[in-house]
Amino acid sequence: MTIKFSPTQLQAYFVCGSQDVAEGQLTTVVAQALRAGITAFQFRDKGASHLTAKARLAVGQKLHQLCSTYRVPFIVDDDVDLAIALHADGIHVGRSDQQIQQVLSRVADRLFVGLSCSTPAEVAQANQLAQLSYVGSGPVFPTGSKADAGPVIGLAGLAQLVQLSRHPVVAIGGITEDQLPEIAQTGASGSAVISLLTQSTDIAETVQKMLQATTH
Ligand code: TZP
Ligand code: MG
C-alpha cells in the first residue's frame, strides 16, 4: 500500500529510532503511538542506535507493517537505500544528508520527500524544488535528542520560515505540550517530536493535544 502525502499528516509526526527508547522497546512504543493517533512516523535510527544494518531492516519492515495497518505514512530518515528496500512512503532528508537534488531525481516518482530547512536561505532553495512535499524546521527549542542540532530558531524564526515557505512546514526540536498552541499560531502544519512521545506518561493524551493544537 502506498500512502500519498497530505499536509494534515504533519499534525502529529512521531520521529523515533532504537536510540530513543529502551532496548527492544521500539515496536512497542511505535504501536502505542499509532494506536494513539499519530499522523506520520519517521524511522530515524542513527547515533547511539543499538541495531545492526540487518536488524534495522527487519525492525523497519515491522514498523512499516504497523504503520500500514493504521494507514499512517512510514517515512525513513536520511537513508535512501533503506527507504527503497523498505518500500517506504516517504524519505526525510537533512542538510548534511545526501544532496537533495540527487534524492529527488532518484525517488520523487515513488516516495514523497521532506527536507530540513532552518534558515530563510534554505527555505528559498526549497521553494525552487517543486517536487518537495514538506519542509522540517528547527530546532525551535533546545533539544536533548540530537547531539549535532543546529542553533535554536525560536518561535519567531519558525514563523518567518513558515511565511517564506511554499511548502507546508513541520516544526521540530524541544517541543513540549505547553508550546503546541504557539507552534500552531506560527502557521506550521504540525509538530515533529521524539521525546514528547517517548517520555510521555500518557501517549494517548499527548497525541490528542498535538492533534487539537492544529485542528482549526
Ligand atoms: N532534528 C532537529 S531537532 C531533532 C531533530 C531530529 C530532535 C527532536 O527531538 P525532541 O526530543 O522532540 O526535541
Ligand atoms: Mg537526517
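Cβ coordinates are placed from backbone N, Cα and C, and glycine is handled just like the others.
Of all the Cβ atoms in the protein chains shown, 25 others lie within 10 Å of the Cβ of GLN42 (4-amino-2-methyl-5-(diphosphooxymethyl)pyrimidine binding site). According to its DSSP assignment, GLN42 (4-amino-2-methyl-5-(diphosphooxymethyl)pyrimidine binding site) is in a strand. For GLN42, PHE43, ARG44, ASP45, LYS46, ASP77, SER116, LYS146, the entry in TrEMBL reads 4-amino-2-methyl-5-(diphosphooxymethyl)pyrimidine binding site.
Secondary structure from DSSP puts ASP78 (Mg(2+) binding site) in coil. Its own atom aside, the Cβ of ASP78 (Mg(2+) binding site) has 20 Cβ atoms within 10 angstroms in the protein chains shown. Per TrEMBL, the feature Mg(2+) binding site maps to ASP78, ASP97.
For 13-195, the entry in TrEMBL reads domain 'Thiamine phosphate synthase/TenI'. Confidence for the domain 'Thiamine phosphate synthase/TenI' (13-195), expressed as mean pLDDT, is 96.
Within its own chain, SER116 (4-amino-2-methyl-5-(diphosphooxymethyl)pyrimidine binding site) has HIS92, VAL93, GLY94, ARG95, GLU122, VAL135, GLY136, SER137, GLY138 as residues 6 or more apart in sequence whose C-beta sits under 8 angstroms from its own. Cα of GLN42 (4-amino-2-methyl-5-(diphosphooxymethyl)pyrimidine binding site) to Cα of ASP78 (Mg(2+) binding site): a span of 10 Å.
With a CB cut-off of under 6 A applied against ligand 2, the binding-site residues GLN42, ASP45, ASP77 are reduced to ASP77. Proximity to ligand 1 at the level of Cβ atoms, with a cut-off under 6 angstroms, picks out LYS146 from the binding-site residues GLN42, ASP45, LYS46, ASP77, ASP78, LYS146. When secondary structure is read from DSSP and collapsed to three states, SER116 (4-amino-2-methyl-5-(diphosphooxymethyl)pyrimidine binding site) falls in the strand class. The most crowded of the binding-site residues listed here (ASP45, ASP77) is ASP45, judged by how many other CB atoms sit within 10 Å of its own CB.
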